[in-house]
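Enquirer: Heads up, here are the entries from TrEMBL:
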- 18-35: transmembrane segment (TRANSMEM)
- 47-69: transmembrane segment (TRANSMEM)
- 89-111: transmembrane segment (TRANSMEM)
- 132-152: transmembrane segment (TRANSMEM)
- 164-191: transmembrane segment (TRANSMEM)
- 198-221: transmembrane segment (TRANSMEM)
- 275-293: transmembrane segment (TRANSMEM)
- 370-391: transmembrane segment (TRANSMEM)
- 423-447: transmembrane segment (TRANSMEM)
- 489-511: transmembrane segment (TRANSMEM)
- 531-554: transmembrane segment (TRANSMEM)
- 654-674: transmembrane segment (TRANSMEM)
Amino acid sequence: MAVETLDDLDTRLGAGDIVAVIVYFVAVVCVGLWAMRRSNRGTVSGFFLAGRTMIWLPVGASLFVSNIGSEHFIGLAGSGAAGGIGVGAWEFNALMLLQLLGWIFVPVYIACGTTTMPQWLRKRFGGQRLRVMFAILSLVLYVMIKLSVNLYSGALFIEQSLGWNMYLSIAILLILTAIVTITGGLAAVIYTDTLQAVLMVLGAVALMIVSMIRVGGWGGLREQFMQAMPNITKDYIHAQQFNLSMDNYTEQYGKCGIPSDDSFVMLREINDPQMPWLGFLLGQTPASIWYWCTDQVIVQRALAAKNLDHARGATLMAGFIKILPMFMMVVPGMVSRILFPNQVACADPATCLEVCGNSHGCTNIAYPKLVLGVMPVGARGIMMAVMVAALMSDLDSIYNSASTIFTIDIWQRMRPRAGNRELMIVGRVIMLILTVVSILWVPILMASSGAQLFIYCMMMIQEICDYLVPAIAAIFLVGVFWKRCNEMGAFWGLMGGVVIGLVRTILVFLYEGVRCGDHAEVEPPGFVSLHYMYYALIIFVSTIILTVVISLLTQPLPEYFTVRTTYWTYMNGSIRDDDVKMWNKLEQLQEEEGAKDDKIQDDEVVMVENEQPWYKRLFVWYCGFNEKTKEPVEKPDDFKARLRTLEQEPLIRVLLNILLVCILSIGIFCYVYFSVRP
């Protein structure tokens, strides 16, 4: 069935759409204020881990939306428009790796009492260099990669839908996100994420239904996608069929608009340039393990759960929701190509530059173009709110997690006598600094040409991550499963893996990719041409080999370093030697700080009651400094309470394991079903 294209349709938001966006902003602020009143914001555990009191439902929602940023709507839909369903493999991979987090890593993290991932490295291996190196690397990845990609995709959607000044629009979104995150901590982030998850799923599913009806369902999609080509490609095919002459420009770029024959195959041949099945399963999976099992943004939410049952329930819930992005993001991108072939599927540089300012292609406008083209007034505003929700959920997650790492792993190392109040101030100041840095990033990104901007963002989020993070995943896996691994092996293994990744990163920048139809001035060596997923596998294996060899050639760690820090020992009830020393020192420091805080708090009470003006009282409340709750002084046997949170009721354990089998079976089935050629 033929579908009328909508290339010339006017796609701007109306007054009803703007009202829908405003209602969303008001709802977010209200939820944030409610979370502020409900949560304890005055202690490290309360601010950074929501007091470890969250139930599975909001934690699961937060796990989902912390991953689904605006770059997912732009990137998944754009990749779907360009190459078909292959990109959906990341989502099915995620639903299984979430269970690796819940069943393997979370019990270890809870048992050893870790707040941050660098902190686990310190407990597992001793020393400080691994902890500091990982903390710095994480912060660099957050600022250089995650913030950049989120800001780009958010700015792109605002430009397509509103035509507003992108710098001002993004700055407003950043400030609103910071207001909720800085004051409310992780509890506010999780509660607002829950609201955003509901809006995101309902809105995206509605768009999926409308768009699929537009093309006649799955059968219509499969038929029409293979014919969704721009005019220059149709001219090229027509000339080829009838042996007609064509101009050089059409001959050079016309073939670039032809959809891939594998558009409806997910995992493809091992030499496929986009989705080689072997490279994805063995190379991309380690990089994904870093994100889902060792990245602070994700793990911090699981650690906020009140016990292991709720943490595993949350990963199961997030896993079931992760089935949806394939259908509510990738498929709509493919529909967008059908409806807007001359814009979304543009093949020649001149047309693409005119359409979206990116001579390499315009598939990145697929999702916003579809939203504004097929949704009615009011509904378009809701979808705009969905995109804003995706952007804000990612940003608040980055702010909170980066602040946690800096405060716990860097500031406390520089200021070991820092009290609870100081840590709360530092955590909020870091969020403020990140907000300023984010705002400053916008004009830098916007100053780049459209093509370079697109290349930078897509390369950052996919390839560069795969060059740096497999080494991190290797260290965590070896550390969790192999007790003999020591600090020397872990550190130099990580260093070796990162260096191997940096070499490839530099070479990729030197040999910039060439658009379809063009020819490279200098052919890159085979080392650079190797698919990045296979190179990620090389990094992963090399790191493991280095770690194992160096660990075996050097002295083993004292036995207590493996107490409650590996999968095999997380229920160990022994008291660690280093914890006794730390607890004695911490108790002394907290007693000193307690006396000082009591005096400060008493003085503030008098000032609040007698002297402070209303705006100072508001500031004290806003930052949570008037909270009466103090950080409890840890005792050597506190780990026993943590171990009790790992105990499961038999019925609940059986139910969770049944659901685990279900979600893993669904993931495997989806891989097989969508990888069989139609």
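Yeah, the Cβs are placed from backbone N, Cα and C, and that goes for glycine too.
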Enquirer: Is the transmembrane segment (531-554) in contact with the transmembrane segment (198-221), using three or more Cβ pairs under 8 angstroms as the rule and ignoring pairs under 6 apart in sequence?
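Expert: Answer no: the transmembrane segment (198-221) and the transmembrane segment (531-554) share fewer than 3 Cβ pairs below 8 Å.
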Enquirer: Report yes or no: does the transmembrane segment (275-293) come within contact of the transmembrane segment (89-111), defined as 3 or more CB pairs under 8 Å with a sequence separation of 6 or more?
Expert: yes
Enquirer: Going through 18-35, 89-111, 489-511, 531-554 one by one, which has the most CB pairs that fall under 8 Å from the transmembrane segment (654-674)?
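Expert: That would be 89-111.
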Enquirer: Hey, which bits of the same chain come close to the transmembrane segment (531-554), Cβ under 8 Å, at least six residues off its ends?
Expert: 273, 276, 278-280, 282-284, 286-287, 462-463, 466-467, 470-471, 473-475, 477-478, 482, 484-486, 488-490, 492-494, 496-497, 500-501, 504
Enquirer: Against which stretches of its own chain does the transmembrane segment (489-511) lie, if we need a Cβ under 8 Å and a gap of at least six residues from its ends?
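Expert: Cβ under 8 Å, 6 or more out: 121, 125, 127, 129-130, 133-134, 137, 459, 463-464, 467-468, 470-472, 474-475, 478-479, 520, 522, 524, 527-528, 532, 535, 538-540, 542-544, 546-552, 554.
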Enquirer: Short question: which residues 6 or more past the ends of the transmembrane segment (89-111) have a Cβ under 8 Å from it?
Expert: 63, 67, 76, 120, 266-267, 275, 280, 284-285, 288-289, 292-294, 298-299, 302-303, 308, 311-312, 314-316, 318-320, 322-323, 325-326, 476, 480, 564-567, 570-571, 639, 642-643, 645-646, 660, 663-664, 666-667, 670-671
